[in-house]
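Q: Provided herewith is a single structure, encoded as structure tokens, for subsequent inquiry.
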Amino acid sequence: MTALETIRERRRQRSPDARPRAGRKRPPTPPTARQPGLLRRLARDRLLLVLGLPGALVLVAFHYLPMLGSVIAFQDYQPFLGIGDSEWVGLENFSFLTEGDPEFVNALVNTLQLTVIQTVLVFPVPLALALLLNSLAGERLKRLLQSVLYLPHFLSWVIVVAIFQQMLGNAGTLNTFLVRNDLPTVEIIGTPELFMTLITAQSIWKDAGWGTIIFLAALSRIDEEQYEAAAIDGANGWHRLVHITLPSLRGLFVLLLILRLGNSLSVGFEQIVLQQGPVGLEASEVLDTWLYNYGILGGGWGVSAAAGLVKGLVGVLLVIGANKLAHAFGERGVYQK
Amino acid sequence: MTTLEQATIGDDTVRRPRREHKRPIWMEKPNPVVQALKFVVLLVAVALVVVPFWSIVVTSLADQEAINDAGGGMLMWPDGVSLDAYQAVLSGGVVTRALLISIGVTVIGTLLSLAASAGLAYWLARPGVVGGRPVLMLLLGAVLFSPGIIPTYLVVREFGLLDSYASLVLPVMINAFNVIVMRAFFQELPQELFESAHIDGATPFTVLTRIVLPLSKAVLAVVGLFYAVGYWNAFFNALLYIQTTDKWPMALVLRTFVVNQSAIGGDQVGGSEALPPQLPMQMAILVIAIVPILLVYPFLQRHFAKGVLIGAVKG
């Protein structure tokens, strides 16, 4: 094969219609340029396969094999019997849905409450912060502020929870300060009524700064001439914000909202499981921690696998539904129709 | 093209050329009250991040006397500097071992993750390669749908990985999103380079080591750092899979001694003399867990916006 032919063959392989479709008559081609057979292609790509297969195998083993493991949702799973020998019980494990196990219902209610609070409160903070940063004139100051505000995102939840305890706990910085100044102390950590507020505050502290990245990128894409034209027509800063900036961000906002909705049944497992001790389960149990406490610690394998399955399906349905809704309102959403 | 893409292509916020006038001509003079308000809000936001770190570091350096003066609580101002707490937790014992385990898991895990992800991404980046389509679909599916806690736990158990260091690495070794970022980067490389190298007689392996990897240093750095931070911070897998105290990584040590405030006894730290007070030791553990993140943070920061946005652009 000459070099020229090699180039031609490569080009042909790269072009989208390189692979002949079944049923379509292929134009006569010189034999060297024919799509090689599977064995030939395997031999040709053997290095790529050797490099890529370990990753692909790990992906299948820990992302797709567990999906098969979900069959225990239909079993009375006993760890010592394994999946093969455990008894099949049909839909019995799903009875928590119809009968309303009080602990499950409590976890579900808490999860939905937290999702609503977090969507309403956590969502606008990065936007406000981004608008504020964007309105600063000095690039250097802006960058310095960004460095500081992004940092908490990279700390683990264990560290964030520990920091909050040390700041707001009974012997924390805040209370030490209050005692020194003869003021009454506040008990924030360990008060069930304040649990959701605390969780929300932690989420804001950790990720509000990080959340500005996407908004800042979107803000930088807005055409400055629009502002100029509006200003010449007499629009003041507030008008420009309401009529130019916010409408330009609408698509992004819808997109983020849809993604958030898809995750609405999972609210911070690590964050919450770390703080359940002092406040008790009634105030703090959410679906993910219920799965863990009931399934893995309590041995209720089948039921929590069933619950996990339902939760995953509902999440996917929520994304699809929200996307449909977005399309209905003329937005682009996450994916196209 | 999704909205996210449009929003993120050409993220020039960072490198916009410096303007001569900071304020465009058409913009009205800023209202001093509004300016002051903005300044105060941002100052509060920054203080909310910085003050806790300050207080933690100061307390970790305090001695018994300073703690007593503060009424047993956290300090805001340094009152003498004592490294006793660090010396105690770092001279053998459960904290020291956890630190070494965390470093080991992070280093080995990051290398494995990088190698496997780069291999997978390189495979999927070549057009018309055997199995490219179905594996790409698997990858995208993994981004959309994650298996539940229980089934994953069962798989780890069936593989006999419970209570092993491998359980901290294997389940999180491939992050589908990171692979997609790398694939997008590999696809951007000029394909003509590969062709000319091929014509010059280079084997695919030579192409990989001499052309692709040297050109991909940036993306390798970004993805590697993201993996490393993930391994260092991992708590969930350790909580689920690790049972023996001897195998605890830093996250579990933090939970036990700092979040749950279990007393740190003489047999948990090295050194036989009198222990430093509990609070500075707890804060020292916290500082030790934070410092590695602070060390890589400048590198992370240089790249992460780009890394985050590439993924959005080329999904």
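Glycine residues also receive a Cβ, built from the backbone N, Cα and C atoms like all the rest.
Quick paste of what TrEMBL says about this protein:
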TRANSMEM  B:36-57  transmembrane segment
TRANSMEM  B:99-123  transmembrane segment
DOMAIN    B:99-300  domain 'ABC transmembrane type-1'
TRANSMEM  B:135-156  transmembrane segment
TRANSMEM  B:168-186  transmembrane segment
TRANSMEM  B:218-242  transmembrane segment
TRANSMEM  B:281-300  transmembrane segment
Q: Out of B:36-57, B:99-123, B:135-156, B:281-300, what stretch is closest in contact terms to the transmembrane segment (B:218-242), meaning most Cβ pairs under 8 angstroms?
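A: By the under-8 Å Cβ criterion, the transmembrane segment (B:218-242) pairs most with B:99-123.
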Q: Can you name the far-off residues of the same chain, 6+ from the ends of the transmembrane segment (B:135-156), with a Cβ under 8 Å from a Cβ of it?
A: 120, 123-124, 162, 167, 170-171, 174, 176-177, 179-180, 240-241
Q: Near the transmembrane segment (B:99-123), which same-chain residues lie under 8 Å Cβ to Cβ, leaving out any that are not at least 6 residues past its ends?
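A: Residues packing against the transmembrane segment (B:99-123) from afar: 90, 129, 131-132, 135, 139, 165, 168-169, 172-175, 178-180, 182-183, 185-186, 208, 212-213, 216, 220, 223-224, 227-228, 231-232, 234, 247-251, 288, 292.
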